[in-house]
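The following features are taken from Swiss-Prot:
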TRANSMEM  137-157  transmembrane segment
TRANSMEM  169-189  transmembrane segment
TRANSMEM  200-220  transmembrane segment
TRANSMEM  224-244  transmembrane segment
TRANSMEM  250-270  transmembrane segment
TRANSMEM  272-292  transmembrane segment
TRANSMEM  359-379  transmembrane segment
TRANSMEM  382-402  transmembrane segment
TRANSMEM  413-433  transmembrane segment
TRANSMEM  439-459  transmembrane segment
TRANSMEM  480-500  transmembrane segment
Amino acid sequence: MTAVADAPQADIEGVASPQAVVVGVMAGEGVQIGVLLDANAPVSVMTDPLLKVVNSRLRELGEAPLEATGRGRWALCLVDGAPLRATQSLTEQDVYDGDRLWIRFIADTERRSQVIEHISTAVASDLSKRFARIDPIVAVQVGASMVATGVVLATGVLGWWRWHHNTWLTTIYTAVIGVLVLAVAMLLLMRAKTDADRRVADIMLMSAIMPVTVAAAAAPPGPVGSPQAVLGFGVLTVAAALALRFTGRRLGIYTTIVIIGALTMLAALARMVAATSAVTLLSSLLLICVVAYHAAPALSRRLAGIRLPVFPSATSRWVFEARPDLPTTVVVSGGSAPVLEGPSSVRDVLLQAERARSFLSGLLTGLGVMVVVCMTSLCDPHTGQRWLPLILAGFTSGFLLLRGRSYVDRWQSITLAGTAVIIAAAVCVRYALELSSPLAVSIVAAILVLLPAAGMAAAAHVPHTIYSPLFRKFVEWIEYLCLMPIFPLALWLMNVYAAIRYR
(Lines of atoms letter the chains of each structure in order from A and count residues from 1; the text may use other names and numbers.)
(Lines give C-alpha, C1' and ligand atoms only; values in the text may rest on other atoms or scores of the structure.)
Protein backbone atom coordinates (compact mmCIF):
# COMPACT_ATOMS: atom_id res chain seq x y z
CA MET A 1 0.00 0.00 0.00
CA THR A 2 1.40 3.29 -1.09
CA ALA A 3 0.79 6.55 0.75
CA VAL A 4 1.19 9.93 -0.92
CA ALA A 5 2.06 12.84 1.31
CA ASP A 6 2.41 16.46 0.27
CA ALA A 7 5.89 17.77 0.71
CA PRO A 8 6.15 20.76 3.00
CA GLN A 9 6.72 24.02 1.07
CA ALA A 10 8.85 26.85 2.26
CA ASP A 11 7.15 30.16 3.06
CA ILE A 12 7.40 32.53 0.10
CA GLU A 13 7.31 36.22 0.94
CA GLY A 14 5.00 38.07 -1.51
CA VAL A 15 6.41 41.09 -3.37
CA ALA A 16 3.88 43.96 -3.63
CA SER A 17 3.87 45.81 -6.98
CA PRO A 18 3.15 49.55 -6.97
CA GLN A 19 -0.37 50.61 -8.03
CA ALA A 20 0.55 54.16 -9.20
CA VAL A 21 3.62 56.14 -10.11
CA VAL A 22 4.33 59.87 -10.16
CA VAL A 23 6.24 60.84 -13.29
CA GLY A 24 7.17 64.10 -14.96
CA VAL A 25 5.79 64.47 -18.49
CA MET A 26 7.70 66.87 -20.75
CA ALA A 27 5.57 68.78 -23.27
CA GLY A 28 5.77 72.04 -25.18
CA GLU A 29 8.75 74.36 -24.94
CA GLY A 30 10.58 73.28 -21.79
CA VAL A 31 7.42 72.54 -19.77
CA GLN A 32 7.36 69.61 -17.34
CA ILE A 33 4.05 68.52 -15.82
CA GLY A 34 3.84 66.12 -12.87
CA VAL A 35 1.09 63.51 -13.22
CA LEU A 36 -0.05 60.40 -11.34
CA LEU A 37 -0.38 57.38 -13.64
CA ASP A 38 -1.57 53.81 -13.16
CA ALA A 39 1.47 51.60 -12.91
CA ASN A 40 -0.25 48.36 -14.00
CA ALA A 41 -2.50 49.61 -16.84
CA PRO A 42 -1.36 49.39 -20.46
CA VAL A 43 0.22 52.56 -21.81
CA SER A 44 -2.27 52.73 -24.71
CA VAL A 45 -5.17 53.15 -22.27
CA MET A 46 -3.60 56.22 -20.62
CA THR A 47 -2.26 58.06 -23.70
CA ASP A 48 -5.41 59.90 -24.84
CA PRO A 49 -6.57 61.00 -21.35
CA LEU A 50 -3.02 62.10 -20.57
CA LEU A 51 -2.94 64.21 -23.76
CA LYS A 52 -6.13 66.03 -22.70
CA VAL A 53 -4.71 66.71 -19.23
CA VAL A 54 -1.43 68.00 -20.65
CA ASN A 55 -3.18 70.31 -23.16
CA SER A 56 -5.45 71.76 -20.48
CA ARG A 57 -2.43 72.41 -18.28
CA LEU A 58 -0.55 74.04 -21.18
CA ARG A 59 -3.50 76.38 -21.83
CA GLU A 60 -3.49 77.38 -18.17
CA LEU A 61 0.21 78.21 -18.45
CA GLY A 62 -0.34 80.23 -21.63
CA GLU A 63 1.54 77.78 -23.84
CA ALA A 64 0.42 76.42 -27.19
CA PRO A 65 -1.36 73.04 -26.89
CA LEU A 66 -0.01 69.93 -28.54
CA GLU A 67 -1.49 69.29 -31.99
CA ALA A 68 -1.15 66.39 -34.39
CA THR A 69 0.70 67.03 -37.66
CA GLY A 70 -0.52 64.72 -40.40
CA ARG A 71 -1.16 61.01 -39.99
CA GLY A 72 0.26 59.23 -36.95
CA ARG A 73 -0.27 58.56 -33.23
CA TRP A 74 0.58 59.97 -29.83
CA ALA A 75 3.01 57.97 -27.71
CA LEU A 76 4.73 58.12 -24.34
CA CYS A 77 8.48 58.03 -24.79
CA LEU A 78 11.54 57.89 -22.62
CA VAL A 79 13.83 60.88 -22.37
CA ASP A 80 15.97 59.55 -25.21
CA GLY A 81 12.92 59.44 -27.51
CA ALA A 82 12.37 55.67 -27.48
CA PRO A 83 8.59 55.04 -27.36
CA LEU A 84 7.14 52.82 -24.66
CA ARG A 85 5.33 49.66 -25.69
CA ALA A 86 1.63 50.42 -25.88
CA THR A 87 0.52 46.95 -24.71
CA GLN A 88 2.69 46.85 -21.57
CA SER A 89 2.37 48.73 -18.31
CA LEU A 90 4.80 51.19 -16.80
CA THR A 91 5.95 48.63 -14.22
CA GLU A 92 6.75 46.06 -16.89
CA GLN A 93 8.91 48.66 -18.64
CA ASP A 94 10.79 49.69 -15.46
CA VAL A 95 9.20 53.13 -15.08
CA TYR A 96 8.99 54.19 -11.42
CA ASP A 97 8.40 57.28 -9.30
CA GLY A 98 10.44 60.31 -10.30
CA ASP A 99 11.14 59.17 -13.86
CA ARG A 100 10.68 61.57 -16.75
CA LEU A 101 8.61 60.74 -19.81
CA TRP A 102 8.00 62.58 -23.05
CA ILE A 103 4.69 62.70 -24.88
CA ARG A 104 5.15 63.32 -28.58
CA PHE A 105 3.49 62.72 -31.91
CA ILE A 106 5.00 59.93 -34.01
CA ALA A 107 4.31 60.25 -37.71
CA ASP A 108 2.99 57.21 -39.52
CA THR A 109 5.66 55.79 -41.82
CA GLU A 110 3.23 53.56 -43.69
CA ARG A 111 1.73 54.86 -46.93
CA ARG A 112 -1.90 54.02 -47.63
CA SER A 113 -3.31 54.16 -51.14
CA GLN A 114 -6.88 53.84 -52.27
CA VAL A 115 -7.85 50.68 -54.13
CA ILE A 116 -9.11 51.57 -57.61
CA GLU A 117 -11.73 49.08 -58.80
CA HIS A 118 -13.50 51.06 -61.55
CA ILE A 119 -12.77 53.92 -63.94
CA SER A 120 -15.28 56.18 -62.19
CA THR A 121 -13.44 55.66 -58.91
CA ALA A 122 -10.15 56.54 -60.61
CA VAL A 123 -11.58 59.77 -62.05
CA ALA A 124 -13.02 60.80 -58.69
CA SER A 125 -9.77 59.98 -56.90
CA ASP A 126 -7.68 61.98 -59.37
CA LEU A 127 -10.01 64.99 -59.25
CA SER A 128 -10.00 64.98 -55.45
CA LYS A 129 -6.20 65.23 -55.50
CA ARG A 130 -6.09 68.08 -58.03
CA PHE A 131 -9.01 70.21 -56.89
CA ALA A 132 -10.06 71.29 -53.42
CA ARG A 133 -13.46 70.34 -52.08
CA ILE A 134 -16.04 72.87 -50.96
CA ASP A 135 -15.46 73.68 -47.30
CA PRO A 136 -17.86 75.58 -45.02
CA ILE A 137 -16.08 78.90 -45.66
CA VAL A 138 -16.38 78.63 -49.44
CA ALA A 139 -19.98 77.46 -49.13
CA VAL A 140 -20.92 80.57 -47.16
CA GLN A 141 -19.16 82.82 -49.68
CA VAL A 142 -20.96 81.14 -52.59
CA GLY A 143 -24.27 81.58 -50.78
CA ALA A 144 -23.55 85.26 -50.15
CA SER A 145 -22.63 85.72 -53.82
CA MET A 146 -25.91 84.10 -54.86
CA VAL A 147 -27.85 86.42 -52.57
CA ALA A 148 -25.96 89.44 -53.93
CA THR A 149 -26.66 88.33 -57.51
CA GLY A 150 -30.34 87.95 -56.73
CA VAL A 151 -30.46 91.40 -55.17
CA VAL A 152 -28.76 92.96 -58.20
CA LEU A 153 -31.09 91.20 -60.65
CA ALA A 154 -34.17 92.18 -58.67
CA THR A 155 -32.95 95.77 -58.55
CA GLY A 156 -32.38 95.74 -62.30
CA VAL A 157 -35.90 94.46 -62.96
CA LEU A 158 -37.40 97.12 -60.69
CA GLY A 159 -35.28 99.80 -62.36
CA TRP A 160 -36.50 98.67 -65.78
CA TRP A 161 -40.09 98.94 -64.51
CA ARG A 162 -39.45 102.50 -63.28
CA TRP A 163 -37.98 103.43 -66.67
CA HIS A 164 -41.26 102.55 -68.40
CA HIS A 165 -43.80 103.32 -65.66
CA ASN A 166 -44.01 106.38 -63.42
CA THR A 167 -45.07 104.58 -60.21
CA TRP A 168 -43.92 104.24 -56.61
CA LEU A 169 -43.58 100.47 -56.85
CA THR A 170 -39.86 100.56 -57.60
CA THR A 171 -39.11 103.00 -54.78
CA ILE A 172 -40.96 100.96 -52.15
CA TYR A 173 -39.63 97.56 -53.16
CA THR A 174 -36.00 98.63 -53.61
CA ALA A 175 -36.07 100.55 -50.33
CA VAL A 176 -37.29 97.47 -48.45
CA ILE A 177 -34.71 95.23 -50.14
CA GLY A 178 -31.92 97.73 -49.50
CA VAL A 179 -32.77 98.15 -45.82
CA LEU A 180 -32.96 94.39 -45.22
CA VAL A 181 -29.70 93.60 -47.01
CA LEU A 182 -27.97 96.55 -45.35
CA ALA A 183 -29.11 95.36 -41.91
CA VAL A 184 -27.77 91.87 -42.62
CA ALA A 185 -24.47 93.34 -43.82
CA MET A 186 -24.11 95.47 -40.68
CA LEU A 187 -24.85 92.45 -38.48
CA LEU A 188 -22.24 90.38 -40.29
CA LEU A 189 -19.67 93.17 -40.02
CA MET A 190 -20.18 93.49 -36.27
CA ARG A 191 -19.84 89.74 -35.72
CA ALA A 192 -16.99 89.16 -38.18
CA LYS A 193 -13.80 87.81 -36.60
CA THR A 194 -11.89 86.36 -39.55
CA ASP A 195 -11.06 87.51 -43.07
CA ALA A 196 -13.57 85.04 -44.51
CA ASP A 197 -16.35 86.51 -42.36
CA ARG A 198 -15.41 90.04 -43.42
CA ARG A 199 -15.37 88.98 -47.07
CA VAL A 200 -18.95 87.71 -46.80
CA ALA A 201 -19.99 90.93 -45.06
CA ASP A 202 -18.34 93.02 -47.80
CA ILE A 203 -20.24 91.10 -50.49
CA MET A 204 -23.54 91.78 -48.76
CA LEU A 205 -22.64 95.44 -48.16
CA MET A 206 -21.73 96.08 -51.80
CA SER A 207 -24.93 94.40 -52.98
CA ALA A 208 -26.97 96.59 -50.60
CA ILE A 209 -25.68 99.79 -52.21
CA MET A 210 -27.48 99.15 -55.53
CA PRO A 211 -31.10 98.89 -54.25
CA VAL A 212 -30.56 101.93 -52.04
CA THR A 213 -29.29 103.86 -55.08
CA VAL A 214 -32.22 102.80 -57.28
CA ALA A 215 -34.69 103.63 -54.51
CA ALA A 216 -33.29 107.16 -54.26
CA ALA A 217 -33.21 107.60 -58.04
CA ALA A 218 -36.79 106.38 -58.49
CA ALA A 219 -38.19 108.66 -55.78
CA PRO A 220 -38.58 111.92 -57.82
CA PRO A 221 -41.79 111.78 -59.87
CA GLY A 222 -41.87 112.17 -63.62
CA PRO A 223 -39.99 110.51 -66.46
CA VAL A 224 -36.44 109.39 -65.80
CA GLY A 225 -34.00 112.22 -66.45
CA SER A 226 -31.33 114.37 -64.89
CA PRO A 227 -33.09 114.91 -61.49
CA GLN A 228 -33.28 111.16 -60.95
CA ALA A 229 -29.64 110.81 -62.02
CA VAL A 230 -28.50 113.52 -59.61
CA LEU A 231 -30.23 111.93 -56.63
CA GLY A 232 -29.31 108.36 -57.55
CA PHE A 233 -25.63 108.92 -58.24
CA GLY A 234 -25.39 111.27 -55.26
CA VAL A 235 -26.65 108.54 -52.94
CA LEU A 236 -24.32 106.06 -54.64
CA THR A 237 -21.32 108.33 -54.05
CA VAL A 238 -22.19 108.97 -50.41
CA ALA A 239 -22.86 105.28 -49.70
CA ALA A 240 -19.56 104.20 -51.26
CA ALA A 241 -17.67 106.94 -49.39
CA LEU A 242 -19.21 105.86 -46.07
CA ALA A 243 -18.39 102.21 -46.73
CA LEU A 244 -14.84 103.23 -47.63
CA ARG A 245 -14.48 105.31 -44.48
CA PHE A 246 -15.91 102.90 -41.91
CA THR A 247 -14.81 99.51 -43.26
CA GLY A 248 -11.34 100.41 -44.56
CA ARG A 249 -11.42 97.49 -47.00
CA ARG A 250 -12.00 97.11 -50.75
CA LEU A 251 -10.40 100.53 -51.24
CA GLY A 252 -10.01 100.13 -55.00
CA ILE A 253 -13.63 99.10 -55.61
CA TYR A 254 -15.13 101.84 -53.46
CA THR A 255 -12.79 104.47 -54.94
CA THR A 256 -13.91 103.47 -58.45
CA ILE A 257 -17.56 103.78 -57.44
CA VAL A 258 -16.96 107.17 -55.82
CA ILE A 259 -15.18 108.55 -58.92
CA ILE A 260 -17.86 107.33 -61.35
CA GLY A 261 -20.72 108.44 -59.11
CA ALA A 262 -19.28 111.89 -58.37
CA LEU A 263 -18.48 112.75 -61.99
CA THR A 264 -21.84 111.48 -63.25
CA MET A 265 -23.66 113.39 -60.52
CA LEU A 266 -21.87 116.62 -61.50
CA ALA A 267 -22.77 116.09 -65.16
CA ALA A 268 -26.42 115.38 -64.31
CA LEU A 269 -26.53 118.43 -62.04
CA ALA A 270 -25.19 120.65 -64.83
CA ARG A 271 -27.75 119.16 -67.19
CA MET A 272 -30.58 119.76 -64.73
CA VAL A 273 -29.63 123.32 -63.73
CA ALA A 274 -28.19 124.80 -66.93
CA ALA A 275 -29.65 122.46 -69.59
CA THR A 276 -26.12 121.85 -70.88
CA SER A 277 -25.83 119.95 -74.15
CA ALA A 278 -24.57 116.40 -74.22
CA VAL A 279 -21.46 117.28 -76.25
CA THR A 280 -20.46 119.99 -73.78
CA LEU A 281 -21.02 117.70 -70.79
CA LEU A 282 -19.07 114.80 -72.27
CA SER A 283 -16.20 117.02 -73.41
CA SER A 284 -16.01 118.68 -70.00
CA LEU A 285 -15.96 115.29 -68.28
CA LEU A 286 -13.16 114.20 -70.62
CA LEU A 287 -11.05 117.24 -69.71
CA ILE A 288 -11.72 116.67 -65.99
CA CYS A 289 -10.56 113.06 -66.36
CA VAL A 290 -7.37 114.13 -68.15
CA VAL A 291 -6.56 116.56 -65.33
CA ALA A 292 -7.42 113.87 -62.76
CA TYR A 293 -4.96 111.47 -64.43
CA HIS A 294 -2.17 113.95 -63.64
CA ALA A 295 -3.35 114.51 -60.07
CA ALA A 296 -4.10 110.83 -59.30
CA PRO A 297 -0.73 109.94 -57.67
CA ALA A 298 -0.76 113.01 -55.40
CA LEU A 299 -4.43 112.48 -54.55
CA SER A 300 -3.89 108.82 -53.65
CA ARG A 301 -0.94 109.81 -51.45
CA ARG A 302 -3.10 112.29 -49.55
CA LEU A 303 -5.95 109.81 -49.18
CA ALA A 304 -3.51 107.26 -47.73
CA GLY A 305 -2.19 109.79 -45.19
CA ILE A 306 1.40 109.87 -46.44
CA ARG A 307 3.17 113.13 -45.59
CA LEU A 308 6.16 114.08 -47.66
CA PRO A 309 9.14 115.00 -45.44
CA VAL A 310 10.58 118.49 -45.58
CA PHE A 311 13.88 118.58 -47.42
CA PRO A 312 16.59 119.65 -44.92
CA SER A 313 18.70 122.71 -45.49
CA ALA A 314 22.39 122.71 -46.32
CA THR A 315 23.25 123.62 -42.72
CA SER A 316 21.39 120.54 -41.37
CA ARG A 317 19.55 122.69 -38.86
CA TRP A 318 16.88 119.99 -38.38
CA VAL A 319 19.18 117.12 -37.53
CA PHE A 320 18.95 117.65 -33.76
CA GLU A 321 15.61 119.47 -33.76
CA ALA A 322 12.00 118.44 -34.22
CA ARG A 323 11.04 118.08 -37.85
CA PRO A 324 8.81 120.98 -38.95
CA ASP A 325 6.44 118.64 -40.82
CA LEU A 326 5.47 116.88 -37.57
CA PRO A 327 2.77 118.39 -35.31
CA THR A 328 3.86 120.32 -32.23
CA THR A 329 0.45 120.20 -30.49
CA VAL A 330 -1.95 117.36 -29.83
CA VAL A 331 -5.54 117.18 -28.54
CA VAL A 332 -6.33 114.37 -26.09
CA SER A 333 -9.27 113.45 -23.89
CA GLY A 334 -9.36 114.45 -20.25
CA GLY A 335 -7.08 112.51 -17.95
CA SER A 336 -4.83 111.04 -20.64
CA ALA A 337 -1.22 112.02 -21.18
CA PRO A 338 -0.46 113.97 -24.38
CA VAL A 339 1.83 112.15 -26.77
CA LEU A 340 3.23 113.93 -29.81
CA GLU A 341 3.32 112.07 -33.09
CA GLY A 342 6.77 111.01 -34.22
CA PRO A 343 8.13 109.72 -37.51
CA SER A 344 6.20 106.82 -39.02
CA SER A 345 7.49 103.32 -38.43
CA VAL A 346 8.38 100.94 -41.22
CA ARG A 347 5.12 99.04 -40.72
CA ASP A 348 3.07 102.24 -40.95
CA VAL A 349 4.88 103.30 -44.11
CA LEU A 350 4.26 99.92 -45.76
CA LEU A 351 0.60 100.01 -44.78
CA GLN A 352 0.18 103.53 -46.11
CA ALA A 353 1.94 102.59 -49.34
CA GLU A 354 -0.42 99.66 -49.85
CA ARG A 355 -3.43 101.89 -49.20
CA ALA A 356 -2.09 104.46 -51.66
CA ARG A 357 -1.68 101.74 -54.29
CA SER A 358 -5.30 100.64 -53.79
CA PHE A 359 -6.56 104.22 -54.00
CA LEU A 360 -4.54 104.84 -57.16
CA SER A 361 -5.83 101.64 -58.79
CA GLY A 362 -9.41 102.68 -58.02
CA LEU A 363 -8.84 106.17 -59.38
CA LEU A 364 -7.37 104.87 -62.64
CA THR A 365 -10.18 102.36 -63.10
CA GLY A 366 -12.93 104.90 -62.44
CA LEU A 367 -11.35 107.50 -64.71
CA GLY A 368 -10.88 104.86 -67.40
CA VAL A 369 -14.57 103.95 -67.33
CA MET A 370 -15.56 107.61 -67.63
CA VAL A 371 -13.13 108.26 -70.50
CA VAL A 372 -14.40 105.23 -72.45
CA VAL A 373 -18.02 106.31 -72.01
CA CYS A 374 -17.28 109.93 -72.97
CA MET A 375 -15.27 109.11 -76.09
CA THR A 376 -17.73 106.47 -77.29
CA SER A 377 -20.62 108.89 -76.85
CA LEU A 378 -18.81 111.77 -78.57
CA CYS A 379 -17.84 109.76 -81.66
CA ASP A 380 -21.19 109.98 -83.43
CA PRO A 381 -20.94 108.91 -87.11
CA HIS A 382 -24.02 110.95 -88.10
CA THR A 383 -22.72 114.41 -87.13
CA GLY A 384 -21.30 116.95 -89.53
CA GLN A 385 -17.78 117.06 -88.06
CA ARG A 386 -17.42 113.40 -87.20
CA TRP A 387 -13.69 113.52 -87.95
CA LEU A 388 -13.07 115.84 -84.98
CA PRO A 389 -14.13 113.36 -82.24
CA LEU A 390 -12.14 110.65 -84.01
CA ILE A 391 -8.97 112.73 -83.85
CA LEU A 392 -9.69 113.51 -80.20
CA ALA A 393 -10.16 109.80 -79.47
CA GLY A 394 -6.88 108.99 -81.21
CA PHE A 395 -4.87 111.52 -79.20
CA THR A 396 -6.56 110.42 -75.96
CA SER A 397 -5.77 106.76 -76.62
CA GLY A 398 -2.15 107.59 -77.45
CA PHE A 399 -1.77 109.67 -74.30
CA LEU A 400 -3.17 106.91 -72.07
CA LEU A 401 -1.14 104.20 -73.77
CA LEU A 402 2.13 106.07 -73.29
CA ARG A 403 1.23 107.25 -69.78
CA GLY A 404 0.98 103.63 -68.63
CA ARG A 405 4.77 103.21 -68.85
CA SER A 406 5.29 105.61 -65.92
CA TYR A 407 3.60 103.32 -63.36
CA VAL A 408 5.51 100.69 -61.41
CA ASP A 409 2.52 98.48 -60.62
CA ARG A 410 1.83 96.34 -63.65
CA TRP A 411 -1.93 96.24 -63.02
CA GLN A 412 -2.05 100.03 -63.12
CA SER A 413 -0.09 100.04 -66.38
CA ILE A 414 -2.43 97.39 -67.77
CA THR A 415 -5.41 99.51 -66.72
CA LEU A 416 -4.19 102.51 -68.69
CA ALA A 417 -3.19 100.46 -71.74
CA GLY A 418 -6.49 98.58 -71.63
CA THR A 419 -8.41 101.85 -71.43
CA ALA A 420 -6.65 103.11 -74.57
CA VAL A 421 -7.42 99.91 -76.49
CA ILE A 422 -11.05 99.79 -75.30
CA ILE A 423 -11.59 103.37 -76.51
CA ALA A 424 -10.49 102.44 -80.02
CA ALA A 425 -12.51 99.21 -80.02
CA ALA A 426 -15.69 100.84 -78.68
CA VAL A 427 -15.56 103.67 -81.23
CA CYS A 428 -15.04 101.19 -84.07
CA VAL A 429 -17.92 99.00 -82.93
CA ARG A 430 -20.24 102.00 -82.71
CA TYR A 431 -19.35 103.07 -86.25
CA ALA A 432 -19.98 99.56 -87.56
CA LEU A 433 -23.35 99.25 -85.81
CA GLU A 434 -24.68 102.68 -86.77
CA LEU A 435 -23.36 102.94 -90.34
CA SER A 436 -24.23 99.31 -91.20
CA SER A 437 -22.40 99.39 -94.52
CA PRO A 438 -20.07 96.77 -96.02
CA LEU A 439 -17.19 99.24 -96.15
CA ALA A 440 -17.59 100.29 -92.51
CA VAL A 441 -17.89 96.70 -91.30
CA SER A 442 -14.80 95.67 -93.29
CA ILE A 443 -12.68 98.52 -91.95
CA VAL A 444 -13.84 97.93 -88.37
CA ALA A 445 -13.16 94.19 -88.58
CA ALA A 446 -9.65 94.87 -89.89
CA ILE A 447 -8.95 97.38 -87.11
CA LEU A 448 -10.27 95.04 -84.41
CA VAL A 449 -7.91 92.31 -85.59
CA LEU A 450 -4.81 94.34 -86.45
CA LEU A 451 -4.83 96.55 -83.35
CA PRO A 452 -4.53 93.68 -80.80
CA ALA A 453 -2.00 91.98 -83.08
CA ALA A 454 0.17 95.09 -83.04
CA GLY A 455 -0.17 95.24 -79.27
CA MET A 456 0.89 91.61 -78.92
CA ALA A 457 3.92 92.21 -81.14
CA ALA A 458 4.91 95.23 -79.06
CA ALA A 459 4.40 93.28 -75.82
CA ALA A 460 6.68 90.52 -77.09
CA HIS A 461 9.42 92.90 -78.25
CA VAL A 462 9.50 95.92 -75.93
CA PRO A 463 10.23 94.23 -72.53
CA HIS A 464 13.24 92.37 -73.98
CA THR A 465 14.88 95.46 -75.45
CA ILE A 466 17.06 98.00 -73.66
CA TYR A 467 16.47 101.48 -75.03
CA SER A 468 18.78 104.46 -74.79
CA PRO A 469 17.88 107.48 -72.64
CA LEU A 470 17.49 109.55 -75.81
CA PHE A 471 14.86 107.15 -77.17
CA ARG A 472 13.00 107.16 -73.85
CA LYS A 473 13.00 110.95 -73.88
CA PHE A 474 11.65 110.82 -77.43
CA VAL A 475 8.78 108.57 -76.30
CA GLU A 476 8.06 111.00 -73.47
CA TRP A 477 7.88 113.86 -75.98
CA ILE A 478 5.40 111.84 -78.03
CA GLU A 479 3.26 111.48 -74.91
CA TYR A 480 3.29 115.25 -74.42
CA LEU A 481 2.46 115.75 -78.11
CA CYS A 482 -0.57 113.49 -77.66
CA LEU A 483 -1.60 115.40 -74.53
CA MET A 484 -1.30 118.91 -75.93
CA PRO A 485 -4.06 118.74 -78.61
CA ILE A 486 -6.67 117.23 -76.25
CA PHE A 487 -7.75 120.52 -74.67
CA PRO A 488 -7.87 122.56 -77.94
CA LEU A 489 -9.79 119.79 -79.72
CA ALA A 490 -12.26 119.44 -76.84
CA LEU A 491 -12.87 123.20 -76.79
CA TRP A 492 -13.33 123.12 -80.56
CA LEU A 493 -15.84 120.29 -80.19
CA MET A 494 -17.78 122.33 -77.61
CA ASN A 495 -17.94 125.28 -80.09
CA VAL A 496 -16.07 127.53 -77.68
CA TYR A 497 -14.08 129.13 -80.51
CA ALA A 498 -17.25 129.85 -82.49
CA ALA A 499 -18.88 131.41 -79.44
CA ILE A 500 -15.84 133.65 -78.90
CA ARG A 501 -15.71 134.61 -82.56
CA TYR A 502 -19.37 135.54 -82.99
CA ARG A 503 -19.93 137.08 -79.60
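Each residue, glycine too, has its Cβ placed from N, Cα and C.
When Cβ distances are compared across the two stretches, the transmembrane segment (272-292) makes contact with the transmembrane segment (480-500), since 3 or more pairs at least 6 residues apart fall below 8 angstroms. Spatially, the transmembrane segment (439-459) is adjacent to the transmembrane segment (413-433); three or more Cβ-Cβ distances between them are under 8 Å for residues at least 6 apart in sequence. The stretch in closest packing with the transmembrane segment (200-220), judged by the count of Cβ pairs under 8 Å and taken from 137-157, 169-189, 382-402, 413-433, 480-500, is 169-189.
Cβ atoms under 8 Å from those of the transmembrane segment (137-157) belong to residues 173-174, 177, 181, 196, 199-200, 203-204, 206-208, 210-211, 214 of the same chain, restricted to positions at least 6 beyond its ends. Counting same-chain residues at least six beyond the ends of the transmembrane segment (480-500), those with a Cβ under 8 angstroms from any Cβ of the stretch are 279-280, 283-284, 286-287, 290, 378, 385, 388-389, 391-392, 395-396, 398-399, 402.
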